[in-house]
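> Take this structure first; my questions come after.
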Amino acid sequence: MARPILTATEMRRLEQHAFEAGTDEYALMERAGAALAEATLRFAGARETLVLVGKGNNGGDGYVAARLLVEAGASVRIAAVGEPTADSAKLAAKDWSRPVEAIDENTAPADLVLDCLFGTGLTRPIDEDIAEPARRLFTAARRVVACDLPSGIESDTGAILTDLGPADLTVTMGALKPAHRLSPAMQACGRVASAAIGLETQSDWFEIAEPDLPALDAQGHKFDRGMVHCLSGAMPGAIALSAHAAARAGAGYVRVSTSRMIDGLPSSVVQTEDAGALDDERIGCLLVGPGMGDIPPLLTVALTKTHPLVLDADALRHVGEPDRLAGHDAILTPHEGEFRALFGDLVGSKADRALLAAQQTQCVIVYKGPDTLVAAPDGRLGFAPPAPAALATAGAGDVLSGIIAAMRARGMEPFEAACAGVWLHGRAAEACDIPFIADDLIAALPDVM
Ligand SMILES: NC(=O)C1=CN([C@@H]2O[C@H](COP(=O)(O)OP(=O)(O)OC[C@H]3O[C@@H](n4cnc5c(N)ncnc54)[C@H](O)[C@@H]3O)[C@@H](O)[C@H]2O)[C@@H](O)CC1
Ligand SMILES: [K+]
């Protein structure tokens, strides 16, 4: 099941709805604290623990978790920024009958630090009189577990306003927040465990999960399984990777338009010089861009056809005005540089920018990076689960566009095809020994499909 992702404002709205529907405020915090304690015990066992608490509800969750960890047999201390100010947090603090220490240079370290300083309420960098001792305590601990978000992280943008050091585990309340899946924050979250706290958290934003791939029809022939047609350009090695990946990702027929024989392609991939091949109605997806180089007519030709498109790499640099894509059934797969070349400096978080680009073009946008997003014009937004950093290697993008083209040709809708491609690409990377090369990703595809 795809995990929903909600912004801080949406979380507060949900919480408000629950209160209006009769949920008791403190009961919600009790559930959050219990989930935090349970996840912590599962992750690290009952051990010497220091709970760092802020004045808001994130701190409130910490008081509840601390009490439950004591009941589970852990040795627990609390160190606080100050007296709680949020109402539920005040109640939670009252239920903690032991001493509360200050957070300063004298706070003694512990084996496990539970970070409950700030969650979705963080609005500015943390003052150094708290950040400095917190950093020291994080470093000294063998394990750090963060409540909802590692403190210092901006929930909706993934910016790190104050760096306290990474958590090993983040226990997120109700739903994931954008920062759990946006860089640079996502790299500071460690594993992200979701705690259900009884809020209804459906959302158009979600973490991309394992796709339902189209079933194979026992009666079907190769063209029913999807035909991908690729346009080769100045550097045919790149489109060869895409074509090979498309074939391995289950397209029944893969063909490349090329004026010279491309070496190293599987013999099942057909190479053709016939321009008429592009008018073949059986084409389920036309892929252009990898290795295209400075040959703009290739894109122009692709845009005169009505086939579903995947536009990648150099094709994106030659689009010029995004309006040119109007009316096309296209998936665009830009990395940061290509995105900026095409859309300029859009404002907002990476999530906002991806959605703006999708609306502007009415195309699906796969906005690549360590935090790849898939945006649809209707507002759906998929966030990729973490994938190995070793994916930043030559040709990995060509492989991705080939997989997506295969999914599209196999009959998946554009948004679903793009999400499936991103998920499979990441899992293929996980299946490879590091360091790997793009060809290894292709070879690993059958293991993850
Ligand atoms: N919204 C929900 O649905 C739920 C929220 N819960 C918890 O509540 C948290 C949010 O609580 P709050 O809204 O009280 O916010 P926080 O506890 O994150 O922050 C507390 C307050 O600190 C102040 N503040 C912000 N940045 C600061 C800074 N740099 N230095 C000093 N003060 C700063 C703000 O006024 C903020 O309201 C969540 O992260 C989660 O842990 C859970 O208890 C249960 C459900
Ligand atoms: K926190």
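Every residue, even glycine, has its Cβ placed from backbone N, Cα and C.
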> May I ask you to find which of GLY337, GLY397, GLY402 TrEMBL records for the AMP site already listed with LYS368, GLY369, PRO370, ASP371, THR372?
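Candidate listed by TrEMBL for the same site: GLY397.
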> Of the residues SER88, SER97, SER151, only one is listed by TrEMBL in the K(+) site with ASN58, ASP115. Which is it?
SER151
> Measure from the CA atom of ASP148 ((6S)-NADPHX binding site) to the CA atom of GLY397 (AMP binding site) and give the result in Å, rounded to a whole number.
32
> Quick one: which of these binding-site residues, GLY369, PRO370, ASP371, THR372, have their CA within 10 A of THR120 ((6S)-NADPHX binding site)?
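Taking GLY369, PRO370, ASP371, THR372 one by one, none has a Cα falling within 10 Å of THR120 ((6S)-NADPHX binding site).
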> Neighbourhood of the AMP site (LYS368, GLY369, PRO370, ASP371, THR372, GLY397): other residues with Cβ within 8 Å of the Cβ centroid, in order?
HIS335, GLU336, TYR367, LEU373, ALA384
> Where ligand 2 binds, which of the binding-site residues GLY60, THR120, THR123, PRO370, GLY397 are close by, with Cβ under 6 Å?
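By the Cβ criterion, which requires under 6 Å to ligand 2, there are no hits.
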> Around the K(+) site (ASN58, ASP115, SER151), what further same-chain residues have their C-beta within 8 angstroms of the site's C-beta centre?
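Everything else in range on the chain: LEU52, GLY54, GLY59, GLY62, CYS116, LEU117, PHE118, GLY119, ALA146, CYS147, ASP148, LEU149, PRO150.
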> Taking every residue in the domain 'YjeF C-terminal' (205-449), what is their average pLDDT?
95
> So which binding-site residues out of LYS368, PRO370, THR372 are up against ligand 1, CB under 6 A?
none
